[in-house]
Structures are given as structure tokens and as C-alpha cells.
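Heads up: the structure comes next, in C-alpha cells.
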Amino acid sequence: MTLSGPGVLLSVSASILFALIPGYVQMLTPLDGFQVFAQRVLWSIPAVLLLLTLLRQWPLLLAALQRLRREPLLLAALPLAAAMIGLQWFLFVWAPLTGHMLDVSLGYFLLPLAMVLAGRVFYGERLRPLQRLAVACAFAGVLHELWQSQAFSWVTLVTALGYPPYFMLRRWMRLDALPGLVLEMLVMAPLAIWLVVYWAPAGMFAEYPRLWWLVPGMALLGTIALAAMMASSRLLPLGLFGILSYVEPVLLFMVSLVFLGEQFDSKQFLTYLPIWVAVVLVGWDSGRLLIKQRRMQRAV
């Protein structure tokens, strides 16, 4: 697969759009994190179904439903997958409202390293030298945070360590990305409806009419970002797609400081610096591997 300019543009655009969501959430007052999560789930369902229609993937969704009828284990795994991704969705909209977005961004910085370790432990994938060095750097950053604060943010841990089991489960389920997401959102829908019916302040939309367009706008923003990410994954080599995924945590870090006003203590610098070095090492290693693979393909 050759380098695609539109693919790079779509990937970076997806990261920018995802990074806008924490700032967007600030405009949804008086909704709290639970309400924003519930509204996002409910409004995203029609948006993703529209995307499913535009991409002509309804046959894939119907095939997934037939598999759920035939395979009890797959049916049992679906609520677990929905709970895993639902927790990440909740944290992503709860964190900017409670001053924890920096913790989320640190979790996304650590996520590539967590994925590398998961591949090593569960799939026997060998770590290349730069990957081993990156893991050591990230571990040094975590140790500094534990030494400096005697604790480590649970938000960071859930973000960094929650995705690998989800991706592993989705890999085992063998569901296509978009139909699988639709099924997960449908599983989350009853909880979202319950939160809206029993937890939402009475007359909220009547008192704040701007929510009638801001809330669907949030779902649309997330769906456009998802569509851009999926399109870029089809246009780009997997290695380059992985490297560009590091753009999002950088943007989330900047949004947390510049737009959300979260404080970055100078003592935290020695936590973040080794982790940033680890991300650069992984990106550099992936880039070298990508270039090597492209040269081999040209030689053939």
C-alpha cells in the first residue's frame, strides 16, 4: 500500500475532531458526565446507522446478528465488550468536566506501550530493541509518579489498561468494526435511556434550549471523527496509521492545558518526559519498519 496524502489528512482530521470533544463537552452545562455519556450514546446510534448506510455495510450488520443467534459465547461476550468501550466513552466526557483530562491524555500516551506489552504477553509477539527501550522509559515515568505522589491516577490506568482487553476481546469476536460498534451501542442504549429518564434534571432541555442542537452536534462530531479514522485506516499502511494515532494524545494534552485550564505541575514533568520519549521511540521504530517494508515491496 502506497503513502496516501488524503489518508494522512483524514487521520490527522480524525485526531483533531476527537480532541475537540472535551472542549465541546464544556458547552453542555448543566449536563454532568453521566448525562453527557447517555446523550452521546443515544444520539450516536442514528448517526452511526446513517454511516452504516452510506458505507453500505448493512449486510455485515445482518451477518453479525445471525452469528449472535448461532453462537452463545459471542452473544455473552457482546455485553462485556459494550461495558469496556462504554467505560472509555464515559471517561472521555466525564474527565473534562471534573478536571481529569490530563490524566486521560497520559493514559492515551501510555496506550501504545500497553498494546505492545499485551502483544508480548498474550500473543507471544517479540519486542524489537527500540520497543523494549520505550517500555523501560514509560516504566520509569510511572515509577516517578508513584514515588512523587505515592499514587497513580486511576483514570490514567483505566484509559491505558482498559483498551487492550477490549481490543483482544473484539479480535476474538471477529466482528467488523462498524457493525460491532453498532451492536455495542445498542447494548448500551437501555442504560443510557435509564440515565436520561431517571437522572436528568426535569425540564432541562426546555430551560436550556441550546442543548437541542448542541447534544446532537456532539454525536455528529464523534461520528464524523470515527468515519475519518475508518477511512484513513483503509488508505494508509497499518504502520503509518499507528504512528499518526499518537497525534490524538498530543492534542488532548494541549486542549487540557490551553482550553480546559488544567494545571501542569512542574513535578509532573519528570513523569511525562520519559513517557513522551517512549512514544517518540515507538513512533520512530514503527516508521523505520514501515520504510523497510516499503523498500522490500518495491524490490519485489
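Quick reminder: no glycine exception, Cβ is built from N, Cα and C everywhere.
Those TrEMBL annotations? Automatic predictions, nothing curated.
As recorded in TrEMBL:
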type	residues	note
TRANSMEM	7-29	transmembrane segment
TRANSMEM	41-61	transmembrane segment
TRANSMEM	73-94	transmembrane segment
TRANSMEM	106-123	transmembrane segment
TRANSMEM	181-199	transmembrane segment
TRANSMEM	211-231	transmembrane segment
TRANSMEM	238-260	transmembrane segment
TRANSMEM	272-291	transmembrane segment
Exercise. Do the transmembrane segment (272-291) and the transmembrane segment (106-123) come together with 3 or more C-beta pairs under 8 Å, pairs six or more apart in sequence?
Worked result: yes
Problem set entry | For the transmembrane segment (7-29), sequence-distant contacts whose Cβ falls under 8 Å of one of its Cβ atoms, 6 or more beyond its ends | 36, 39, 92-93, 95-97, 101, 208, 210-211, 214-215, 217-218, 221-222, 224-226, 228-229, 231-232, 234-236, 240-241, 244-245, 247-248, 251-252, 254-256, 259-260
For this session: Might you confirm whether the transmembrane segment (73-94) is in contact with the transmembrane segment (238-260), defined here as three or more C-beta pairs under 8 A between residues 6 or more apart in sequence?
Result: no
Exercise. Based on Cβ pairs under 8 Å, which of the stretches 41-61, 73-94, 106-123, 181-199 lies most in contact with the transmembrane segment (211-231)?
Worked result: 41-61
Exercise. Relative to the transmembrane segment (73-94), which of 41-61, 106-123, 181-199 accounts for the most Cβ pairs at distances under 8 Å?
Worked result: 181-199
Problem set entry | Cβ contacts under 8 Å made by the transmembrane segment (181-199) with residues that lie 6+ beyond its boundaries | 34-35, 37-39, 41-42, 44-45, 48-49, 52, 61, 64-65, 68, 78-79, 81-82, 85-86, 175, 226
